[in-house]
Amino acid sequence: MTALSSENCSFQYQLHQANQPLDGNCLLFLIILGKILLNILTLGMRRKITYQNFMEYFCISLAFIDLLLLVNISIISYFRDFVLLGIRFTKYHICLFTQIISFTYGFLHYPVFLIACIDYYLNFSRTTKLAFKCQKFYFFIVILIWISVLAYVLGDPAIYQSLKAQNVYSYQCPFYISIQSYWLSFSMVVILFMAFLTSWSEVTALVQAVRMTSYMNETVLYFPFSSHCSYTLSSKKTLLPKFIICFLGTWLPFVLLQVIILLLKVQIPAFIEMNIPWLYFVNSFLIATVYWFNCHKLNLRDVALPVDPFVNWKCCFIPLTIHNLEQIEKPISIIIC
């Protein structure tokens with residue numbers, strides 16, 4: 001399997017060549033089916049949240065598009081050659097639809113990241129009631145971003161030529177490799193590495209001292225600190241190591257996977273790489289970043305803070321002198337989830 005690049009385009013596309021054997025459609029069906037099962041499992045494991053946000057709506061829409069692609073592949077594979085609404089569908093359209101989806105998914109990483117970042121930043125100036133009223137706006141934004149990116153893919157001359165070339169060489173089915181996901185993953189890994197290097201001593205000390213317990217039917221991490229600490233509870237330097245522990249405590253296997261993919265330069269087709277676990281990983285990274293930059297607002301009761309479906313950012317603090325955690329009736333929480 002090799003990667004192709006178009007030299008006559010205004011920008012470079014990387015295509016994933018796959019010689020289609022007799023059971024190629026069956027393999028594609030199994031890959032999409034596995035991705036859908038992973039989507040369902042991820043959506044089922046998420047925490048219940050009190051209000052919706054852009055990323056939640058987009059994840060649901062992505063699961064729907066994957067399901068729609070699987071249905072199309074199944075119908076075409078079953079009937080093989082049929083006419084619907086005056087259009088003749090053959091096995092060629094299985095590859096064509098998958099290619100279009102790959103290009104569309106590949107160009108969605110940056111817009112989704114940017115819109116989710118703006119959404120979470122604005123959440124610090126909203127109340128929960130106002131955020132609830134914006135659910136229809138989220139739905140409109142998700143539909144708009146899908147239509148815009150799909151229109152760009154279908155209207156771009158370079159993409160059209162690559163899709164047309166597949167019709168000539170029907171035994172080959174190239175899949176787009178997204179450069180956006182590569183640089184997004186690279187940037188997040190580098191930021192995590194720099195943040196860890198900056199506060200590695202504090203992270204090591206906290207890992208040794210951190211205690212986990214249940215408070216109000218939720219799992220809470222207690223980070224002990226000295227009563228003579230010179231930092232405030234909302235200082236960025238104090239929160240950084242705690243956020244690193246909370247983030248890596250959930251996403252460490254996924255971070256290691258990203259490091260392996262980056263080091264080995266593994267090329268993953270865009271229709272596989274854009275998945276719900278990846279989006280929730282990005283989601284947790286964004287929430288942690290917005291929390292850290294707005295640490296001075298974490299104690300405000302009238303601010304509706306973003307809720308992470310997988311990471312509990314409820315960081316509680318107790319003095320080092322207290323040994324019996326059960327003696328504390330109401331611990332101090334800087335993040336109300």
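Glycine too: its Cβ is placed from the backbone N, Cα and C atoms.
Quick look at what TrEMBL annotates:
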DOMAIN    24-291  domain 'G-protein coupled receptors family 1 profile'
TRANSMEM  27-45  transmembrane segment
TRANSMEM  57-79  transmembrane segment
TRANSMEM  91-116  transmembrane segment
TRANSMEM  137-155  transmembrane segment
TRANSMEM  175-197  transmembrane segment
TRANSMEM  243-264  transmembrane segment
TRANSMEM  276-293  transmembrane segment
Non-local residues, at least 6 beyond the ends, that sit with Cβ under 8 Å of the transmembrane segment (27-45): 59-60, 62-63, 66-67, 69-70, 73-74, 77, 94, 98, 271-272, 275-277, 280, 310
Proximity of the transmembrane segment (57-79) to the transmembrane segment (276-293), 3+ C-beta pairs under 8 angstroms: yes
Sequence-remote partners of the transmembrane segment (91-116) [C-beta within less than 8 Å, at least six residues beyond its ends]: 20, 25, 28, 53-55, 58, 65, 69, 72-73, 76-77, 80-81, 141, 145-146, 149-150, 152-154, 159, 162-163, 166-167, 170, 173-181, 184, 269-271, 273-274, 279, 282-283, 286
